[in-house]
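Undergrad: The structure follows.
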Amino acid sequence: MHLLVHPNGSKYWRLQYRYEGKQKMLALGVYPEITLADARVRRDEARKLLANGVDPGDKKKNDKVEQSKARTFKEVAIEWHGTNKKWSEDHAHRVLKSLEDNLFAALGERNIAELKTRDLLAPIKAVEMSGRLEVAARLQQRTTAIMRYAVQSGLIDYNPAQEMAGAVASCNRQHRPALELKRIPELLTKIDSYTGRPLTRWAIELTLLIFIRSSELRFARWSEIDFEASIWTIPPEREPIPGVKHSHRGSKMRTTHLVPLSTQALAILKQIKQFYGAHDLIFIGDHDSHKPMSENTVNSALRVMGYDTKVEVCGHGFRTMACSSLVESGLWSRDAVERQMSHMARNSVRAAYIHKAEHLEERRLMLQWWADFLDVNRERFISPFEYAKINNPLKQ
């Protein structure tokens, strides 16, 4: 008995034996799921079979065939899907929908014990060839996880999906375009000169001032705004709007996100409320007041202003511009900036600390400083670092 170590680091227990004069190999399981003690028990069972004239390899194959007759790829995939208890309901739905749309037609009814690497790869390559590289990459990861689950469940001895490594083109996720900070005065001038729908201009201005995500802004309700406390509370989830996809989305991090409102942001919200306050939604659609503003509205307006939203700047790029400016100023703590960006800290202890502490008072000062910085830049460009020298609210 020995432990076979593959180049990718996976480890398998193997037993060499002779049967009817032929050298054979028996798979005893995957390490560390199968411990040394477990492997020894399986070795001893195999030796007993040999002593009785039974080939343990043949018996195992026959047992596997009987065991896996009713175990299709779809059944095992759904079983694997159900083990991921930490997924949110929304994420779990998206994962299952992706499997249904892209894998189950080709693999769903296939016996999982008979699937080869080429079988698993075929539908994934079809997705890749359609240009959906990121979807293909996720399907490869999930197929590998499903087949690993099958190994761990004793349905198969080896994970053929491991051999798909490198077969699917990697997707280099592109950062959303953002303007160089020195072009902020130009951007502000174009926003001020925008002659389209006023609500669209206010959406752009507010996005720049508080740099929340598109869905966090578009699906917002007036009930989330506390004008007295100057705070916007974005909930983890919202009441879905009938017929509007993803309208239940709140904070992307799925925790309550508090957004302090500068005097400039409050002024914009008060203007919007004056005209559209009778509706539940803050940013209503152009043609239907019961539906939210389109997700393309901000970028469409930026294109009207003359910007290439794929190269120069897009609505999401405002977040990059704000983050760069706040960091460059040297005034604000990393935790305050990260919390305001609603980023999830990788370190779980750090994440818990940041979430609990909130850094709310520092963030109030920070967003007011950012709004004032934008106002100053309407006249001429001044860098965040230089502006921090003349406006440091932490010393006042």
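The backbone N, Cα and C atoms fix where each Cβ goes, glycine too.
Note that this is a predicted model, so its numbers are computed, not measured.
So Swiss-Prot lists these for the protein:
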- R213: active site (ACT_SITE)
- K252: active site (ACT_SITE)
- H316: active site (ACT_SITE)
- R319: active site (ACT_SITE)
- H343: active site (ACT_SITE)
- Y353: active site, O-(3'-phospho-DNA)-tyrosine intermediate (ACT_SITE)
- 71-151: domain 'Core-binding (CB)' (DOMAIN)
- 174-367: domain 'Tyr recombinase' (DOMAIN)
Undergrad: Sort the residues of the domain 'Core-binding (CB)' (71-151) into helix, strand and coil with DSSP and give the three counts.
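TA: Helix (H, G, I), strand (E, B), coil: 64 helix, 2 strand, 15 coil.
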Undergrad: Please list residues from the chain of K252 (active site) whose Cβ is under 8 angstroms from its Cβ, counting only those at least six apart in sequence.
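TA: When sequence neighbours closer than 6 are ignored, K252 (active site) has R213, S215, E216, S342 within Cβ distance under 8 Å.
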Undergrad: I need the most crowded of these active-site residues: R213, H316, R319. Count other C-beta atoms within 10 angstroms of each C-beta and give me the top one.
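TA: Of R213, H316, R319, the one with the most crowded Cβ is R319.
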Undergrad: Provide the three-state secondary structure of R319 (active site) computed with DSSP.
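TA: Looking at the DSSP assignment, R319 (active site) belongs to a helix.
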